[in-house]
C-alpha cells in the first residue's frame with residue numbers, strides 16, 4: 001500500500017514537471033479572443049483589482065486563464081504583464097455577443113476548450129486569432145456596434161392607457177422612432193449624454209455611422225424590438241441616454257427640438273434608459289484588416305465562421321435573460337414611471353435669459369460668453 005501511494009505521488013510530481021516543461025516550450029504569443037457573455041449580476045467588463053465585492057466579467061476570465069495554464073498566476077494579478085486590453089468597457093449589467101480582448105498567452109493545446117472549462121456557461125470564448133505583437137484591441141478598433149432590446153410598450157404615448165403584454169407597435173410610431181434615431185447620425189457634441197464631460201471638451205464629439213430600430217417580434221407574449229447603433233466609440237451611458245431621449249420624445253414628454261438643443265452648450269436633462277437591454281454586438285477592425293489581414297502571416301479579424309456560435313449563445317443566454325428579467329423585475333416599466341420627474345422644458349426660457357446675461361457680461365468683461373454648464 002505504501003508503495004502504491006508513493007507511485008501515485010511520483011506520478012503526480014512527474015505530471016507537474018511535464019506541465020512546467022510544456023509551459024516553457026510554449027512561447028507567449030499575442031492573440032485576440034472573441035468573447036460572449038451575459039452581463040446580468042456583473043459590475044461591467046473591466047476588472048477592479050482590490051475590489052472583490054463588485055464582480056466583473058474579467059475576474060472570471062482571468063481566473064480561467066490562470067487555471068487553464070495560459071498565463072502564470074502573477075499575470076493575473078498584474079494584467080499589464082500580459083498586455084491585456086479589452087475593446088469595450090461594458091457597463092454594469094450589459095451583455096456582449098462579440099467582445100474582443102487582446103493579450104499575450106502561452107498557446108497550449110486545446111486552448112479554447114481548456115479556458116471554457118474554467119468559465120461559467122454564461123461566459124464563452126468563441127474564437128481565437130493570432131495578431132501582430134503591437135496589437136491593442138482598444139486602439140486598433142475603428143468602430144463598435146451595439147444593440148438595445150426593449151419591449152415596444154416603451155414607445156406607447158403617455159396619454160394612452162396601455163396593457164404592456166397586449167401592446168403592439170404600429171407602423172407610424174416605428175417610422176417616427178426611426179426618424180428620430182436617424183437624427184443622431186454624423187458628428188455631434190454628446191456632452192449631455194454622459195457625466196463628467198463639459199460642452200467644450202473635444203472628446204465629447206462622437207461620430208455615429210448608423211442607428212435604427214428593427215421590426216418588432218413577440219417573445220413570451222410580449223412584443224420587443226431591437227435598436228442597432230454603430231459608432232466610432234461611445235462614452236459611458238451614451239447609448240442608453242440616446243435611447244432614453246428618443247423614448248421621452250415619442251411618449252410625448254419632450255418636444256423633438258430637445259435633440260438639437262442637447263448638442264448645444266447648455267445643460268439638458270437627458271434620461272438614461274435601463275442597462276438591461278444593451279448588448280455589444282460587434283467590434284470592427286477595418287484599418288487593421290486592410291494592413292495585416294492578407295499579409296500571409298495574420299488572419300483578418302472577421303468572425304464569419306463563428307457567427308453560428310454567436311447566434312446560439314444569444315438565443316441561449318442573452319435574449320432569455322433580457323426577456324425574463326424584464327418580465328420579472330419590470331426594469332423598463334419602472335424606468336418609464338420616472339420620466340415625468342425629468343425637466344425637459346425649463347431650459348428654453350432660461351437659455352434666452354442666460355444668453356442675454358452672458359452676452360452682457362462678455363461685452364463688459366471680454367469673456368467667451370459660455371453659458372452655465374454646471375451640473
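For all residues, glycine too, the Cβ spot is worked out from N, Cα and C.
What TrEMBL lists as region 'Disordered' is 1-26 (among others).
Residues near residue 91 (active site, nucleophile) in space but far in sequence (CB under 8 A, at least 6 apart, same chain), listed by position: 44, 236, 237, 275, 278. Per TrEMBL, the feature active site, nucleophile maps to 91.
Here TrEMBL flags 146 as substrate binding site. Other Cβ atoms within 10 Å of the Cβ of residue 146 (substrate binding site), summed over all protein chains shown, number 23.
The domain 'Pseudouridine synthase I TruA alpha/beta' annotation in TrEMBL covers 184-286.
Positions annotated as region 'Disordered' by TrEMBL: 353-375 (among others).
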Q.
Within the domain 'Pseudouridine synthase I TruA alpha/beta' (184-286), what mean pLDDT does the predicted structure show?
A. 95
Q: Please spell out the DSSP helix, strand and coil residue counts for the domain 'Pseudouridine synthase I TruA alpha/beta' (184-286).
A: 26 helix, 33 strand, 44 coil
